[in-house]
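The annotation signal peptide is assigned in Swiss-Prot to 1-21 on the grounds of sequence analysis. The ATP binding site feature in Swiss-Prot is assigned to 36-39, K95, 224-226, 290-297, 361-364. Annotation source Swiss-Prot lists region 'Nucleotide-binding (NBD)' at 124-277, citing similarity to another entry. Under the heading region 'Substrate-binding (SBD)', Swiss-Prot lists 397-496. Taken from Swiss-Prot, the feature coiled coil applies to 534-622. The region 'Disordered' annotation in Swiss-Prot covers 631-651. According to Swiss-Prot, the compositional bias 'Acidic residues' annotation covers 642-651. The motif 'Prevents secretion from ER' annotation in Swiss-Prot covers 648-651.
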Amino acid sequence: MGNSKAFVLVLFVSLLKFISAVDPAIEGPIIGIDLGTTYSCVGVFKNGRVEILNNDLGNRITPSYVSFVDGERKVGEAAKLEATLHPTQTVFDVKRLIGRKFDDKEVAKDRTLLPYEIVNNEGKPNIRVQIKDKPTTFAPEQISAMVLEKMKEIAQSFLGKPVKNAVVTVPAYFNDAQRQATKDAGAIAGLNIVRIINEPTAAALAYGLDKKEETSILVYDLGGGTFDVSILVIDNGVFEVYATAGNTHLGGEDFDQRVMDYFIKMFKKKNNIDLRSDKRAIQKLRKEVEIAKRNLSVVHSTQIEIEDIIEGHNFSETLTRAKFEELNDDLFRETLEPVKKVLDDAKYEKSKIDEIVLVGGSTRIPKIQQIIKDFFNGKEPNRGINPDEAVAYGAAIQAGIILGEELQDVVLLDVTPLTLGIETVGGIMTQLIKRNTVIPTKKSQTFSTYQDNQPAVLIQVFEGERALTKDNHLLGKFELSGIPPAQRGVPKIEVTFTVDKNGILHVEAEDKGTGKSKGITITNDKGRLSKEQIEKMINDAEKFADEDKNLREKVESKNNLDNYIQSMKATVEDKDKLADKIEKEDKDTILNTIKEAEDWLNNNSNADSEALKQKLKEVEAICQPIIVKLYGQPGANTPPPGDEDVDSDEL
């Protein structure tokens, strides 16, 4: 590759502004999903407005948890309930792993804190659990896909039709590999992710859809595991991002961990027992600390009580708001650094910000609100939108824009979060697209060879703000070969960077002399799933869906058989029913039959739905004729078992 003297800028820099127009190739419905670290949320734009949808328990946010217990997979609230009982079998916080390398320092830290096993699979962090006593490994994309699938099911239940398309949000500071991994998770879940939208941009859509006059807003998005800040200007339907910054590993989970560490030390000092030695104990503490943190947003003191947390010891401690704030003071103040950075990048004074919009559950913390208010010289943050639902709300609006649902005049101009470039001689980071460039965008630059008769050039693509590539993040690399022999500096190699509307980068290199070119969509070549892996995971996801369906049918069939047995037993033994009217021989026949059925149930716990249905038929074939015979006798007013709630038009 040529040095700085050897390359010249060619062609153009084109900022192709992303106008969020209708896409006629996509057929609805399209749902909007906030795929969160700790909770997820789904919405849909319908009949001119956004509906945030309830899950099967009536809640509008669903825990991003997946559990594998006794051969059964659970997602959401049911999975979170398993966390204290089966900590190694319950997976959460997977958003902190997706798109990362196993040797990332953040992954190394998470491995010490998360109760489930994280293993190295070709340089990528994978999750290992036991399913039917066999170790089974999942990529983070697969776990995220299970959460996305849950969101899809919630939407399908509401809409009454299949859903294949979605807009999914990601932290603005997610890098290229993390964005691609999120798209892969969508594919595994059977969803075509038609657009990836940055979380603070989605929140701005939720806040400013009806704003007609020019308004500058700062979105402060502090969730369970990630943190973003963006400055946008909204002007009559145009949403332009001026700057974005953040930390993809800072959020409510970190605040919880500080409190847990404090109590773990206190408990060890009092009882000489380390709670970290018992994963169940840690999960019990994690659950109660999260509840305590939420309580402290409305009260100044709360009690944490955990019966038999470990070895017969009870846990009983008070947590005050003041202590919680003291334990997390440095983390709270750390959130101001990205705020300062976006103001500097956007060349904005604090006084130019018209509105401060708080998003994410962690912004309910009073100290966070106070720190922001103090930083902006007493300006009150806007609390007009639900911090838990705003991002999904904005994603649903974006879905409506794509479908042309009365929102054709809305325009989004988002930006790249990090500078993109290639390595040139000496390990220099040569920048092609600077951070906070409006996307989609395209930039070309011409380079040359470093040595005489050099037959190939290696294109190494990085993202980051440092001068040397060793201090930045390698996204991927490829080689352009077949360059004709020539003196150094003579061949002209044009490198073109294209960032699409989802913030995903494509790089192409062309030898201008021969016209030969090569390109790749940069996705962290060591971090992304291959096409074959994705297809296998899609098949695995379908298999899991079939297993879930079979399990539901099995449970339903077992319940039907068990209910029939109990109902029949009550019918022949209850004096208010048929106990005094049934002949002893018939009664013995029924009791023997249902006793045999009970024994069969106990001895065939693994029986499938068909076997259970067949057993019910066999029991009914013996019992029902006897009951029908009795039912026809004078004074026998009790209907046959199983018929109590049946409506009939016949007399």
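Each residue, glycine too, has its Cβ placed from N, Cα and C.
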Mind tallying the region 'Substrate-binding (SBD)' (397-496) by DSSP state, helix then strand then coil? 10 helix, 47 strand, 43 coil
Test of understanding: give the count of other CB atoms lying within 10 angstroms of the CB of I291 (ATP binding site). 12
Given the binding-site residues Y39, G225, R294, S297, T363, which one has the fewest other C-beta atoms within 10 angstroms of its C-beta? R294
Can you give me the same-chain residues 6 or more apart in sequence from G36 (ATP binding site) with a CB-CB distance under 8 Å? I61, S64, K95, G223, G224, G225, V391
Reduced DSSP assignment, Y39 (ATP binding site): strand
